[in-house]
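Colleague: Feature list, courtesy of TrEMBL:
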- Glu79, Gly80, Leu81, Arg220, Asn240, His241: S-adenosyl-L-methionine binding site (BINDING)
- Arg220, Asp237, Trp252, Tyr296, Tyr309: substrate binding site (BINDING)
- 329-454: domain 'Rubisco LSMT substrate-binding' (DOMAIN)
Amino acid sequence: MASLFIHSSFLSSPKPSIPIISSPTKKPPPPQILPTTVPLAGKTNPPLSTTLETFWDWLSNKGVVSPKSPSVKPGIVPEGLGLISQKNFSRNEVVVEVPSKVWINSDTVAASEIGGLCGGLKPWASIALFLLREKGREDSPWRSYIETMPNGNDSTIFWSEEELSELQGTQLLDTTLGVKEYVQSEFLKIEEEIILPNKHMFPTITLDDFLWAFAMLRSRAFSNLRGQNLVLIPLADLINHSPGITIEDPSWEIKGGGLFSRELKFSLRTPIPVKAGDQVKLLYSLWISLQVLIQYDIEKSNAGLALDYGFIESRSDRNVYTLTLEIPESNPFFGDKLDIAEANGFQETAYFDIILGRPLPQGLLPYLRLVALEGPDAFLLESIFRNSVWGHLELPISRTNEELICQVVRDACKTALSNYHTTIEEDEKLMQQGNLDPKIEIAVGVRAGEKKVLEQIDGIFKERELELEVLEYYQERRLKDLGLVGEQGEIIFWEPK
């Protein structure tokens, strides 16, 4: 997710969110993507039926599945390919286990012919390069698996300029461009340092090829497993997503190979009961009675789903907007404010995800008040208050401070809303009409969701502005603590006897 990108004294530009790679700290300018050809990523795969037969034979030969009594089989489903149950499964029952000998991860790359060339690369980049090399080899031992991967999906990184124009004003557009520029910069470096000096070891690899490999990792790889940061797991990665599944517990884990084997296995469970013939799913488009399904990521926003997988959901809490706050280095109290922020788990720049229909995230108001602290209120930055200042910031400090944060946030929301080329009403009308192109449907859903969150943020701070006269501020609270305010709010003056 990107951020509320509006320049002011303490609202900064957005930072692209790239889950499986390290992203630039500052928002880059819109990238000039190099023109490329597509000898690998655009290569036509065999018919799906043939691909599945070959893949099943490969899995059988590797000892991954039992051809005589399989519990699941890959099959053709509306999403492309999926897992079709061959028996009844109860909730949390293991659907498939895949041994580590057929995984593709950093260890696979290190043990390959190009392992010595990839030592200095980021894990995702080395796996992407390995994937493309094997895709270009006619005799690759991984060919049967790689051919199950689609030539692309509806992820926004594959959208044309015309399609991306439908995302005008959205944080998703900024994040998409940031991701594409990042991938391009990594590709150019790898091309210069590894691919070109070793042409005999690689097929012709273009930027589009590299972007395809990156997209396959984003949409298919499993991460944050025991000892495995990023891994492609054949058969298991055919699992699809269902919006009807909202169980937060992960549906997979790494297991030891058993008493007489030290080989690790990836174990995939079904989060819901499944009947024979159903598709095993995680959490994608719910297709009645054919797939085993799971939930890909219950916390991911619609922008994140669109970027990684090429779909969105209708759930309101998938609509997220990220507010980015920054302590300016030019602020005369920069050092003190940064010390206080860091002592309370924040940094010079802080990111707050605002979710449609939910309260403001914890820490947002204190951080806002800290950044806006100035003038007579700056005494709270003195060292004597260092251990207690955050507690004070959790409540209104002064009318001036509270009014300032309301004005800045509301102005930022209004500016962000003006960057969209449609209104919420126009977007909702388009969605009600139906029959939209899948990518247009994604664009309309994301931009409408972002605007709703922006209006929600503006409404919260508008209501707070109306309460400025009745809010209790620091000085009033302090006088009460000292017993210097009467029951009617009057200040009590004590005269010496």
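Positions of Cβ are set from backbone N, Cα and C atoms, glycine also.
On a predicted model such as this, the values are computed, not experimentally measured, just so you know.
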Colleague: Give me the mean pLDDT over the domain 'Rubisco LSMT substrate-binding' (329-454), rounded to a whole number.
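Modeller: So the average pLDDT across the domain 'Rubisco LSMT substrate-binding' (329-454) works out to 96.
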Colleague: Among Arg220, Asp237, Trp252, Tyr296, Tyr309, listed as contacts of substrate, what is the widest Cα spread in Å, to the nearest whole number?
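Modeller: Between the most distant Cα atoms of the substrate site, 19 Å.
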Colleague: Calculate the distance in Å between the alpha carbons (Cα) of Gly80 (S-adenosyl-L-methionine binding site) and Asp237 (substrate binding site), and round it to a whole number.
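Modeller: Their Cα atoms are separated by 12 Å.
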Colleague: In whole Å, how far does the CA atom of Trp252 (substrate binding site) lie from that of His241 (S-adenosyl-L-methionine binding site)?
Modeller: 14
Colleague: Express the distance between the Cα positions of Leu81 (S-adenosyl-L-methionine binding site) and Tyr309 (substrate binding site) as a whole number of Å.
Modeller: 14
Colleague: Which site among Asn240, Trp252, Tyr309 has the most other CB atoms no more than 10 Å from its CB, taking these as binding-site residues?
Modeller: Asn240
Colleague: Pick out which of the binding-site residues Arg220, His241 has the most other Cβ atoms within 10 Å of its own Cβ.
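Modeller: Counting Cβ neighbours within 10 Å, the top one is His241.
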Colleague: When you look at Glu79, Gly80, Leu81, Arg220, Asn240, His241, which the record names as binding S-adenosyl-L-methionine, what is the longest CA to CA distance in angstrom?
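Modeller: That value is 14 Å for the farthest Cα pair.
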Colleague: Rounded to the nearest Å, what's the C-alpha distance separating His241 (S-adenosyl-L-methionine binding site) and Tyr296 (substrate binding site)? Just drop the number here, would you?
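Modeller: The Cα atom of His241 (S-adenosyl-L-methionine binding site) is 6 Å away from the Cα atom of Tyr296 (substrate binding site).
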Colleague: Would you please pick out, from the binding-site residues Leu81, Asp237, the one with the fewest other Cβ atoms within 10 Å of its Cβ?
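Modeller: If we count Cβ atoms within 10 Å for the binding-site residues Leu81, Asp237, the smallest count is at Leu81.
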Colleague: Can you tell me how far the Cα of Asn240 (S-adenosyl-L-methionine binding site) sits from the Cα of Tyr309 (substrate binding site), in Å?
Modeller: 10
